[in-house]
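> I'd like to ask some things about the structure below.
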Amino acid sequence: MQSRVLIAVVALGSMLGGTMIAPLAGLPATALFATDAGSGAHEAGPRPDGDKRSAGGPRGAAGGPRGAAVEVAQVKTQDFPVVVSTFANVEAPETVTVNARVSSQVTAIHVRDGQMVRAGDLLVSLDDRALKAALNRDKAILAKDTALLADAKIELERARTLRDDRSGTEQAYDTALAAQQSAKATVDADQATVDVDEVTLSYTSIRAPIDGRLGAVQVAIGDLVGTSGSGSPTSLVTITSIDPIEVAFHLPESYLQSFKARLDTGAPPQVKARQSGTGGLIGTGVLDFIDSAIDAATGTVMMRARFDNGEQKLWPGQYVEIDVEQNILPKAAVIPAVAVQTGQKGDFVYRLAPNDTVELRPVVVAANDGQVAAISSGLAAGDKVVTEGQLNLKAGDKARIAEKR
């Protein structure tokens, strides 16, 4: 025994260049090496941190093995929507370019760029003085010709009386009838001219044809607007309808019948729009249109959903992700999606037994939206499944529930 210690000390001295460090050299051999006939070298004395662990692994206060720390969730039952996810484009139901319909000068602009307007709101006023004068002139002509018509009616009645009394001739009556009819036609033409004048005058007050949001106003006060030499009208502003708003997307034709059936029964599927990239929820709408034909080149059918957009979170031309509700699984067993693991034999979860051991439980996933998974077989309501810590687990391991951070 002592020779083994001396040899070790000599070897240590050689490693230090043949010179023993004084404090080390002065220590008893038993303080450096504790040996016995039946085992190798061990640290002498207690560990500084007081931890008494054996090769068998970590142990609890009672000396038994400590369980692996895991987080668990309880299986719940709820109606679970099965969704189809795809990408979509936001579209405006209506976009109107407002043009000047008469040639005149802009005298007032009643709106600003980007303003929300209602149908009928006044947008731009044009100089209407010439048109008002023309209207007044034509109204005067109408009044004059109306008086002539009244006179012609009197002459016709007089000619009829004379003819009936045989005091007048048939020819005189025919002449009076023709004069009365001519006067009436003149009055009708005058009235039509006045109607046209009034319509033309109304074009000087340019109003919004639809509800929507204005683009940039393209004219300024004093600009001369109307039809140019090529006959194209002057564009004043564009109005885009954004509330409600539409989202268009394409799905494989295999989904056509299931979605069509829901539309036909008056229970349109719910559609959720999410921010592309981040997945943040933007809005919720309903499917309201399925195209009448399948695209033979792609095997897809175009569908459209309508969204209330009072907060204007959806914008025409925007690219979004959508979830279309295909059907609903009633009273499905649901767990956090992170609890589902995939092995060579399929999907499974680690189920926590009442004795705090874990068992590997094969499951069938009916639907998974990335956050929650619906399980059609393998679990029951009230079961507990491991949601964090699966990496270090195997069937039969003891587990302890860790406090959530």
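We number each residue from 1, going along the chain as drawn.
Using the three backbone atoms N, Cα and C, a Cβ is placed for every residue, glycine included.
Automatic prediction, not curation, is the source of TrEMBL annotations.
Pulled these features from TrEMBL for this protein:
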- 44-54: compositional bias 'Basic and acidic residues' (COMPBIAS)
- 57-66: compositional bias 'Gly residues' (COMPBIAS)
- 94-239: domain 'Multidrug resistance protein MdtA-like barrel-sandwich hybrid' (DOMAIN)
- 135-204: domain 'Multidrug resistance protein MdtA-like alpha-helical hairpin' (DOMAIN)
- 244-325: domain 'Multidrug resistance protein MdtA-like beta-barrel' (DOMAIN)
- 332-389: domain 'Multidrug resistance protein MdtA-like C-terminal permuted SH3' (DOMAIN)
- 38-67: region 'Disordered' (REGION)
> Using DSSP, how many residues of the domain 'Multidrug resistance protein MdtA-like C-terminal permuted SH3' (332-389) fall into helix, strand and coil, respectively?
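Counting residues by DSSP class gives 3 helix, 37 strand, 18 coil.
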> Tell me, what is the mean pLDDT of the domain 'Multidrug resistance protein MdtA-like C-terminal permuted SH3' (332-389)?
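Summarising the domain 'Multidrug resistance protein MdtA-like C-terminal permuted SH3' (332-389) by its mean pLDDT gives 90.
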> DSSP-wise, what's the residue breakdown of the domain 'Multidrug resistance protein MdtA-like beta-barrel' (244-325) into helix, strand and coil?
12 helix, 44 strand, 26 coil
